[in-house]
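Feature list (source: TrEMBL):
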TRANSMEM  17-34  transmembrane segment
TRANSMEM  54-74  transmembrane segment
DOMAIN    59-179  domain 'ABC3 transporter permease C-terminal'
TRANSMEM  103-127  transmembrane segment
TRANSMEM  147-170  transmembrane segment
TRANSMEM  200-218  transmembrane segment
TRANSMEM  224-252  transmembrane segment
TRANSMEM  283-304  transmembrane segment
TRANSMEM  487-510  transmembrane segment
TRANSMEM  531-563  transmembrane segment
TRANSMEM  575-597  transmembrane segment
Amino acid sequence: MLFKISLSGVKSRWKDYLVLFSGMMITTAIFYMFEAISTNDKFTTSSPVGQNAKFVFIFGSILLAIITLVYVFYANNFLMSMRKHDYGLFMMLGAKSKVISKLIILETLVIGLASTFVGIILGVGFTKGLSGLLSSQIHVPLTNFSAFYMPAVWSTLILFLVLFVIAGLVNARTFMKTSALNLLRSNQESDWKDPKKRTLFVQAVVGLVLLAIGYYAMYDINHLQLLAIGIGLITIVLGTYFVFNSFFVMILEAVQRSNTSYKGLNNFTISQLKFRIRDYTKILSVVSLLFALALGAITVGIGFQRMVPMMAAGNNAYAVGLTNPSPKMKSLVGGIDGKTQVTYQQKVDPSTKSVYYRASQFEAQPFKYAHFTNQAQLKSKIDNASLTQLKDRASTAYASLNNLQTPLTRSLRIRLVSDTTFNQINAKANTLLLVRVKDMDAAATTLSKITNLQTRQYGKKVSEGLGVGGAFETYQLLKGVFGSLEFMGIFLGIAFLAMLASCLMFKILSGAASDKTRFEMLNKIGARKSVLNRSIAVQILGLFILPAVLGIIDVAFGLQMFIKANLLHGAYQTFGWSALGFSILYLIYYGITVMIYSKIVVPQTKVEK
C-alpha cells in the first residue's frame, strides 16, 4: 500500500524526477566514458606517451569519483527534499518508522540503479559515436579500443551501487532522527545561515593559500615528479571549495555595500547570488574542477593534433617521394586537393655506389627542403636548395632528398651531373615523383593508401625499419606516439563539458520551484518582466562565470606539467583558442539554462495595479 502511495507521489512530481533522473543518467554515462579509456590498459599503454600518461588516468579516476560522489549526494538531497513532506504525511497517517525507512532505501536504490543501468547504455552509445567521429576527424586508428568494455561496466556499477546504498542508509538515518512535524515543514525551512566575517576571512585566506600551493606544485613538476600531481589534487580541490564558500561571498558583500546595490533590483540580485553561492558551494566547486579538466583535456588534445603536422612539415617539405610510381599511385596523387608535384630523373649505379640526377632539372625546378627556425615553437621554413647544398652530404637539403629515395638507394651517394654525363651512364632511368600537400590532415587518408602501395613495392626493406620516407612517414610515426593522447584529450574534454553543464544546469533548475514564489511576489509589487529576466540572467551568469574563471586559472597553471615535460609545444597559444571555443559552447549552455529557468519562475501574467 505504501509503495502505491509512494508511486503516486512520484507520478505527481514526474517533471522534478525527470530532472533528477536525467542528471544521474548523464553523470553515469560520463563516468563510464572515462572508465572505458582509463581501465583499458591495452589502449592507454599502446604508445610510449600513453604508458607515461597512465598515472594521469589513475588520479583522474580518483578525482572523477570524488566529483561523482558530490553529485550523487546532491541528487540524493534533491530526492529527499521532494519526499520529506510525503514521508511526514505517511507518519501522521500512522505508518511505522521502520517501514518508511525501508521504503526510503528502496526508492533510493530503485531510482539510483535504474539511472545507472540506463546511463551505462547511454555511455556505451556516446562512447561509440564520439570515438568513431573523432577517429575519422583526427585520423587516428583506435587499436585495442572498444566502446563496450566490461571492466568499465563493472567499475561503474560497483561505484554507483556503493554510493546509492550509502545514500539510502544516510536517508533512512536522517529520517529516523526527524520528527513528523519537521518533515511536513521541511519545504518551508531554509538552511541559510549568515556567515561570520571572521570565518569568511579565514576560509578565504586558506583557500587562496591552498590554490597557490597546488599551482606551484604543478609548476615545479620537474622537481616534485609524481608528488606534484598528488599535492595538486588535494590542495586545488580543497582550495576551490574554500574560495567558493568564502572569497566570492566576501566580494559580493563588498559590492552590496556600494551604491550600485541600490539601483533597481541589484540588491535582490546580489543577495540571491550570495545565497546561491553559499548554498551551491559543493556543486560550483565540482563545476570549476570539471571545467578545468574539460578545458585542459581539449587543450592538450588539440595541442597534440596541431603539433603533429607541424613537426612533420619541419622534417621534410615533401609528403611522399615515389620512385617509378604505378598508375594507381599517380591516380591517388591526382585526387589530392592543393598538392604540388615535381619530377626528377635518376640512374642508380651500384658499381660506383652512386645515384645520379640531372643537374639541369634541379636548376629548372629547384628542390625544396624544410628546416626548423624555432624548435621550441615548432616554426619551420621551406627554402630552395642550391646545387652546392645538394652535393654536400652534411647539409639538410641532401638529407631531405636522400630520405625521399627508395630504401635500397639511401646508402648510395647522390651526384648531380650534366645531361651529357647522365645520358652516358649505362643504367635504367628511373622517375622520382615528389609530392607536397597543403593540409597533411586532410590528405592523410589518400597518403595512407599511397604509402601502403609503397610498402608492398619496397617489400623487405620497409619491414627492416628503413621506412618509405617523406614528411608523411614522420606524420604517421608521430600519430602512433601522440594519436591516442589526441583522441583521449578531445574525447574526455567533450565528456567533461557535458558533465559540468548537466551538473550546473540541473542544480539550478532543481531550485526553480522554490524561487517561483519570490518572483511572483516581485511581480505583484510592480517589477517589470524585463527587469525580472535581467535579474535572472545576472544571477545565473554569476553561477556560470565564477567556476569558469577559476577553471581557466587551473588550466593555465596545469599546462606547466606538459610544458616542463616537453610533451606540448605552443601550449598557451592552443590554450587561448580552445578556451575561446570552449567558452562559446559553455555560454550556449548558459543561454539554455536562463531560457528554461525564466519560463519556470517569471509569471506570464502581469498583475494589474
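Placed from the backbone N, Cα and C atoms, the Cβ positions cover glycine too.
Keep in mind that this is a model prediction, so the values were computed, not measured.
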Contact check, the transmembrane segment (487-510) vs the transmembrane segment (575-597), 3+ Cβ pairs under 8 Å, seq sep 6+: yes
Same-chain residues near the transmembrane segment (147-170), Cβ under 8 Å, at least 6 residues beyond its ends: 28, 31-32, 35-36, 39-40, 65, 68-69, 72-73, 76, 104-106, 108-109, 112-113, 116, 119-120, 123-125, 127-128, 131
The transmembrane segment (200-218) in contact with the transmembrane segment (575-597), cutoff 8 A, at least 3 CB pairs, sep 6+: no
Mean of pLDDT values spanning the domain 'ABC3 transporter permease C-terminal' (59-179): 76
For the transmembrane segment (17-34), distant same-chain residues with Cβ under 8 A (at least six beyond the ends): 10, 60-61, 64, 68, 71-72, 75, 78-79, 82, 111-112, 114-116, 118-120, 122-124, 126-127, 130, 152-153, 156, 159-160, 491-492, 495-496, 498-499, 502-503, 506, 509-510
